[in-house]
Amino acid sequence: MIPVVALVGRPNVGKSTLFNRLTRTRDALVADFPGLTRDRKYGRAELEEHEFIVIDTGGIDGTEEGVETKMAEQSLAAIEEADVVLFLVDGRAGLTVSDEAIAKHLRSRDKPTFLVVNKIDGIDADSACAEFWKLGVDAMYQVAAAHNRGVTALMERALAPFAESLKGNDEEGLIDLSSVEDIEKADLTEEDAEAAYKRLQEQPIKLAIIGRPNVGKSTLTNRILGEERVVVYDMPGTTRDSIYIPMERDGQEYVLIDTAGVRRRKNMNQVVEKFSVIQTLKAVEDANVVLLIIDARENISDQDLSLLGFVLNSGRSLVLAVNKWDGLDNEVKERVKSELDRRLGFIDFARIHFISALHGTGVGHLYDSVIEAYKSATKRISTSLLTRIMQMAQDDHQPPMVRGRRVKLKYAHAGGYNPPIIVIHGNQVNDLPASYKRYLMNYYRRSLEMMGTPIRIQFQNSENPFETTKQKLTVSQARKRKRLTGMIHNRRK
């Protein structure tokens, strides 16, 4: 059994810094002000050849109001999940009432707990740590997480009871929730496309839930999971990190990615907000399918369209969910649908669902569209079928003339998946106008019944081996030309 280590403490004592140090990532946001981490965030870490799971939590300071009360609940839940608790305190700030309150709670839980005095670099560590003995601990560990001082010794001691059970666990599969590997762009060859297809079949479906702040992303995530896994509060921006959560439904494995709400650039008053947006956009790149949430009670904004554009440019499959649909009268619903048709007509390949994440209305149908979009994006298509469809499209509508010559399409094959890439070979294909390229893309979409995914078509000119060589007559051709030239000359006389 892989041990679970929870990092707890009041705000801004360095929990996220230690999380990043252990997982060797920057997946937990770090900045020099309290309250930055709000959800339980899971990551995989390794000590020598042994693996363990780390949980980063929001801070508890005993003065929680509003959303911070929710954050405290997440921290307490992490304590219950953990096999080992690392209780972090700030060596520079000294002992506080909040530290004493947390220590009291931890004593009541009867969990293996290690007191970790962080930020001891540049100070007299022994003097700074002396007052923390009041917490009644058996052992104290001095670290500087930002500089990796004392971290290895701490983890060796904390994981010592699990050392025997950790041996031989290397073969166990563990999804890395903190640094999910990017799907590589497939090269334009059939062999690499096949390799990309096989790689995708071995992975769970990664579903990123994105949208502007406060449209209901975390509410939907919790509805899907059936627990208060992600902080939900009626205030924009309560999710700042991208949260990776594994789940299974009807035998299909998923990794849900709940992202920070993306807001307009002018509203990003803090560096942290900008960094969260970067994490969101990285989550889109990492996903197989993107579920974009739109607020039914607000007009479609330029930010919604900007997000759509990013998803399409990334080549990710797309499902749209119009949230907060409950409670709207019929007139408002018709107006919203009309607005969607007018402004989102360019993504007619994506399914649109009208849901209430809070009450669960319509949420179950989202899975059908997610599966449909994923299957469309990863559908294996033979070269013969792609070539046959290309020929049918060419017969129905001939390519235009380019410099007095008809463009000729020869054959097509798969070049990659997620998104599907179709490679068409022919003469002068790079000179095809954009209108004919769109025609081919739509023809393939209809013929292959692809729904929920963009299609990319790459064109490659077939090389003419004689294009750069100078034609040279054979001996017999030269004699014939000379004889014909002589005959013409004699007739003129």
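Keep in mind that glycine also has a Cβ here, set from the backbone N, Cα and C atoms.
Looking at the domain 'EngA-type G 1' (3-166) alone, the prediction's average pLDDT is 80. Look at Swiss-Prot and you will find 3-166 tagged as domain 'EngA-type G 1'.
According to Swiss-Prot, the GTP 1 binding site annotation covers 9-16, 56-60, 118-121, on the basis of sequence analysis. The DSSP secondary structure for THR57 (GTP 1 binding site) is coil.
What Swiss-Prot lists as domain 'EngA-type G 2' is 205-378.
Annotation note: TRP325 (GTP 2 binding site) sits in a coil segment as assigned by DSSP. For 211-218, 258-262, 323-326, the entry in Swiss-Prot reads GTP 2 binding site.
Per Swiss-Prot, the feature domain 'KH-like' maps to 379-463.
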* Cα-Cα distance linking LYS217 (GTP 2 binding site) and GLY9 (GTP 1 binding site), given in Å to the nearest integer -> 27
* Could you say whether, by DSSP, GLY211 (GTP 2 binding site) belongs to a helix, a strand or a coil region? => strand
* Counting by DSSP, what is the helix, strand and coil composition of the domain 'KH-like' (379-463)? -> 32 helix, 26 strand, 27 coil
* Out of ASN12, THR57, ASN214, which has the highest number of nearby Cβ atoms, where nearby means within 10 Å of its Cβ, if these are the binding-site residues? -> THR57
* Structure fact -> Across all protein chains shown, the binding-site residues ILE60, ILE120 give the max Cβ-within-10 Å count at ILE60
* Neighbourhood of TRP325 (GTP 2 binding site) by C-beta distance under 8 A, where only residues 6 or more apart in the same chain count -> ALA296, LYS333, PHE354, ILE355, SER356, THR361, GLY362
